[in-house]
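Student: Questions regarding the structure given below will be posed in turn.
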Amino acid sequence: MELDPVLLSRIQFALNISFHILFPTITIGLAYFIIYFRVRYTLTRDPHWDFIYTFWVKVFALTFALGVVTGIVMSFQFGTNWPGFMEQAGNIAGPLLGYEVLTAFFLEASFLGIMLFGKSRVSNRLHLISTIVVALGTTLSAFWILSLNSWMQTPTGYTYDGDAMIVESWLAVIFNPSFPYRFAHMMVACLLTASFLVAGVSAWRTLRKVDGPATARVMRTAVIAAALLIPVQIFLGDLHGLNTLKHQPAKVAAIEAVWETERGAALTLFGFPDETARTTHAAIKVPKLGSLILTHEWDGELKGLNEFIGEHPPVAPVFWSFRIMVGVGMLMLLISWLAVWQYWRRGALGLNTLRALFAMTFSGWVAVLAGWYVTEIGRQPWIVSGLIKTADVVADHPAGTVLTTLVAYSVIYTFLLISYIGALFYMSSKPAQSLLHMHNYGLPGRHPEDQAFSKQPIGGQ
Amino acid sequence: MDQFLPLIFVAVMGLSLLLYVILDGYDLGVGLLLPFASDAEKDVMIASIGPFWDANETWIVMGVGVLLIAFPSAHGIILTKLYLPATIMLFGLILRGVAFDFRVKAGDDKKVMWNRFFFLGSLVASMAQGWMLGSYITGLTGSFINTLFAVLIAVCLPALYCVLGATWLLIKTEGALFEKAVGWARTSVLPMALGLFLVSIATPLVSSVIAERWFQLPNFIGLLPIPVTSLIAMVVLVVLLKRDLTALRELNPMYLFACPVVVCLMAALGLAYSIFPDIIIGQMTIWEAASHPSALKFTLVGVLIALPCIVLYTIFIYKVFSGKASELRYD
């Protein structure tokens, strides 16, 4: 079989970015939970909140480290694998990535030191501020990268002579038409991913009977956050969909597998899109609903794939990814509302709910990855919508070289993912009592109250 | 104004990469020295770089980022040619970056494995960086003699990092580990000096462009302070390290750390002179590779505001975590 270096490069890039995105998704969301834990501790001086904070900061640190190292890979991949993209769109992509480094990377990397190891070296107020600064850094990072990604989806504010792009208006580039929706959708996705991670780990601690009062508290926080956030996410997703319909109708046509332009289109719940036959096999359809959801009108017109022959994305992966994302979202809605209802009616979660929450520990990852596949595969064959094709900008490495590095990346990433999940549950399986003595380094120290806390038994009442 | 923009950016890039070599250099060095310490000492050594390594590593992202932003066509060529060493370096950085966290979180039985990964990652990353530097200086041609030269630098760079790491440990440690660090510094200073010497001789031999720039008479005399200062810094380091332990304990360890830093600074100046005004030696100048002025101006605003802030809070972080690392302990 002839190996195609372009395809291999694309697989490698997809692998790198898929693996990378797992970790910022958690750190961006978890950062805000950690601020909440810290604020609760600052207000109440209740050692349980301090314990919760300390535990989740460790998870944060581990996740952050994986995000950093895989992020460095991403920063090199632009040059090693997509030099043509940088030559043509470098005047836009370069500065946006540069602002990410300047405003976000250094900020989070520097203040993370204080957040992790500085509790006893700075005042409580400064430590709280550092925690907030780290969250701000992670959010800024998302801001710039999503601005660039959105610009690649809906480019505005430039002139292009077929050779290189020159910026006309930076405001129009940064705040391009799809950016607000994508940024809001992603931020809530991060918070939801963190909610289910926190809930899942807490459920596991409860099931393993290594929990204490702290676990119950953090569980309640996580499920309430999830229950409140998921309707917001559905609302934002709907707005994002309307925006995509306006600017990238080919993507929406692929998501819904609409083969021919029609009015009052049905919604395909399930089926097997077949691009050669240009039909969806075994389709289960709800009449008119497709038009209603996408255009908010019963008889709204949906452009079909027939209008974009040769320039629309592969249908099946986009169609399926979208349904996985929505399906996981529905599960999240169901389980978080059930949990809140149980708290309200019985004051505690049932065994099956705990099991379900544990099973959904990484549900956020599934939804986020599926959502990104919709976005990124949905943009194909373009790397910048309507302007630059992906196949034209790839580096011409020999297929063997790319295959070798691809295999090496796959091995390392698989090993890291197993180690990450292993370490997470290893840390989580420690009884609350012994966890207190598992601080990293440098925590006991100059503040007498910290000394007192470390000697106080917590969690095993 | 527009023709100065590439100059400003090449300076920012050079500064970022120099800061990277010094800052990540010492923590890579600590990683390289890890196998020679006892288990308890390993914890202290890692604690000594704990709050800093992440920000240190960001400087290479910044350096490569500026290359990408300001000189995109050069970025494409350089990173395409350096695909293999860059990828291998990334594997090294991945391993050490995660080992740092996993070694204390994945359970005691796995700590030995993660310590080894920390060392291995540091070694792989430093050698790959030497390889990249060597290929870059020789104009990315990949001929046999140039590859040999790249291998030479790949072998020498870890020695420089070891000196940086050992002298850093003199600042951050006390007791038995301090004594060990003195020994490590003494041992690694010679290979470092030898490496620098060989590289200084080999560079003009493999690169005629560099030879021309150095060995013209007025230039040669004007440039003499660069190798001379470097030599003095190395001699000072050797002389200081020869003192007995009591004298070394009383000495401000900053002086010892400053010696390899001066060497790095001089090497950077020499390198900058050798290459300038090219961005790829003999192929492309910084003006030919530069982005459109509008992109550069927009980024410059960010650089002018953010860079001073970064420097200020970096100093602040180093102040917060100043003092001996053995004060940091598990609880």
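Just so you know, the numbers here start at 1 and follow the chain as drawn.
Positions of Cβ are set from backbone N, Cα and C atoms, glycine also.
Per TrEMBL, transmembrane segment is recorded for A:17-39, A:51-76, A:96-117, A:126-146, A:183-206, A:218-236, A:320-344, A:356-374, A:406-427.
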Student: Between the transmembrane segment (A:17-39) and the transmembrane segment (A:218-236), are there three or more CB pairs that fall under 8 A, provided the residues in each pair are separated by 6 or more in sequence?
Tutor: yes
Student: Any chance the transmembrane segment (A:17-39) and the transmembrane segment (A:320-344) have 3 or more Cβ pairs under 8 A, given the pairs are 6 or more apart in sequence?
Tutor: no
Student: Among A:51-76, A:183-206, A:320-344, A:356-374, which stretch has the most Cβ pairs under 8 Å to the transmembrane segment (A:126-146)?
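Tutor: Per the Cβ count, the answer is A:183-206.
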Student: Thinking of Cβ pairs under 8 Å, which stretch from A:51-76, A:96-117, A:320-344, A:356-374 has the most of them with the transmembrane segment (A:406-427)?
Tutor: A:51-76
Student: Under 8 Å for C-beta pairs, could you tell me which stretch among A:96-117, A:320-344, A:356-374 has the largest tally with the transmembrane segment (A:51-76)?
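Tutor: Selected stretch: A:96-117, with the most Cβ pairs under 8 Å.
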Student: Under 8 Å between C-beta atoms and at least six residues away from its ends: which parts of the chain pack against the transmembrane segment (A:320-344)?
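Tutor: For the transmembrane segment (A:320-344), the sequence-distant neighbours (Cβ-Cβ under 8 Å, at least 6 residues beyond its ends) are 192, 195-196, 199, 220, 223-224, 226-227, 230-231, 233-234, 237, 255, 270, 350, 353, 356-357, 360, 363, 366-367, 370-371, 373-374, 377.
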